Amino acid sequence: MYKASRFSPLASVIRHTVITLPAPVNISTWWNFGSLLGVCLATQIFSGLVLSLHFTAHTDLSFYVVIQSFGDVYYNWWFRALHANGASFFFIGLYLHIARGMYYSSYVFKEVWSVGVVILLLVMASAFLGYVLPWGQMSFWGATVITSLFSALPIIGSDVVIWLWGGFSVDNATLTRFFGIHFLLPFTVAGLAGLHLFFLHDQGSSNPLGVSSDFNKVVFHHYYVLKDLVGVCFFVGPLLGLVYFYPWLLGDPENFIEGNPLVTPHHIQPEWYFLFAYAILRAVPNKLGGVVALAAAVLILFYMPFSPKTSIKGLSFYPWGKVLFFSLIGVFILLTWAGSKPVEEPYVVVSQVLSFLYFFYFLLIGPLTRIQDKLL
């Protein structure tokens, strides 16, 4: 009786979360990405823990420890390839999850959406810190460029940069604190993911039609558990294909060279999942303006729950809204492409135009759908 009463609360939470949870009967495959992101997070935490057992956070050793462990530690190459490519798949899932939320107006659930945006920010921070740890050439210079951006802050900028570096340049102290923070952030993300689910289950999921589904729901298990498992299989297949056949396809060749503060790469750029924000940063000629635009590119998602309300949740029944949304998807892809190009013409002008269109969407989508509401 003692054991039953002790574990029954945990069993009850699990049962209400993944078994008897009422879910709308008409949610589509686009709702699978929540569970896929959970799988990605678990994979990143596990593979990261394994890699941390054979990592030394020191500027003289990190690069060589990573190279040496390839041959001396069983399956270390597999875990590193899984961790690196898993980060890319994590961001693919995040961006698609956010896009689905924007299209179907999931942002009307303010608590769920706000916690989700905080998770995005922490995942981006963790990915940046992890990118620095192998101490390759692009990792070192990426850390130098991105941390130097804080110097644009009025009054406190220089002090913030010195605090981040732990000195007067990106050096051993920087690498040590980056490793510590990178190790802790995924567990913070996991906790926030639990809070995200709590608010979601409290308020209920949206659905493609944007109407109330209280009268037509089914239990989560086994209907959506099986559907999520199928989605996981389709997601994991390409990931393992990259790990086994093209493990360094998404990486930068410069990172096979040890970080050298005396040699600057010809073209410094972050990983592909940050290129859209990097293009927006470079589109503004003023340093402080560029930093503000970079931050706004992500923080503007906090504005979505406060945008003008529409009669129907989602853009399914707003033709011009759908055109605008898919134009935003195109702009996002083009910004990613522009961010991978050198800082020269015509890429600077292209980035400026695309940056304007990116922010213009968030200002225009609300009034445009309200106008269509009145016409109907």
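Just so you know, glycine gets a Cβ as well, placed from its N, Cα and C.
Lifted from TrEMBL, the feature list:
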DOMAIN    1-209  domain 'Cytochrome b/b6 N-terminal region profile'
TRANSMEM  30-56  transmembrane segment
TRANSMEM  77-100  transmembrane segment
BINDING   HIS83, HIS182  heme b b562 binding site
BINDING   HIS97, HIS196  heme b b566 binding site
TRANSMEM  112-133  transmembrane segment
TRANSMEM  140-166  transmembrane segment
TRANSMEM  178-200  transmembrane segment
BINDING   HIS201  ubiquinone binding site
DOMAIN    210-376  domain 'Cytochrome b/b6 C-terminal region profile'
TRANSMEM  229-249  transmembrane segment
TRANSMEM  288-306  transmembrane segment
TRANSMEM  318-340  transmembrane segment
TRANSMEM  346-366  transmembrane segment
Integer Cα-Cα distance in angstrom, HIS97 (heme b b566 binding site) to HIS83 (heme b b562 binding site): 20
In the chain carrying the residue listed as 'ubiquinone binding site', residues 6 or more apart in sequence that have Cβ under 8 angstroms from it: HIS16, THR17, LEU21
Overall pLDDT for the domain 'Cytochrome b/b6 C-terminal region profile' (210-376), taken as the rounded mean: 90
For the transmembrane segment (112-133): best-contacting stretch of 30-56, 229-249, 288-306, 318-340, 346-366, by Cβ pairs under 8 Å: 288-306
Considering the transmembrane segment (178-200), which listed stretch of 30-56, 140-166, 229-249, 318-340, 346-366 counts the most C-beta pairs under 8 Å: 30-56
Tertiary contacts of the transmembrane segment (30-56) (same chain, 6+ residues out, Cβ under 8 Å): 62, 65-66, 69, 73, 76, 79-80, 82-83, 86-87, 89-90, 93-94, 96-97, 100, 104, 130, 133, 179, 183, 186-187, 189-190, 193, 205, 208, 227-228, 231-232, 235-236
Residues near HIS196 (heme b b566 binding site) in space but at least six apart in sequence (CB under 8 A): VAL112, VAL115, GLY116, ILE119
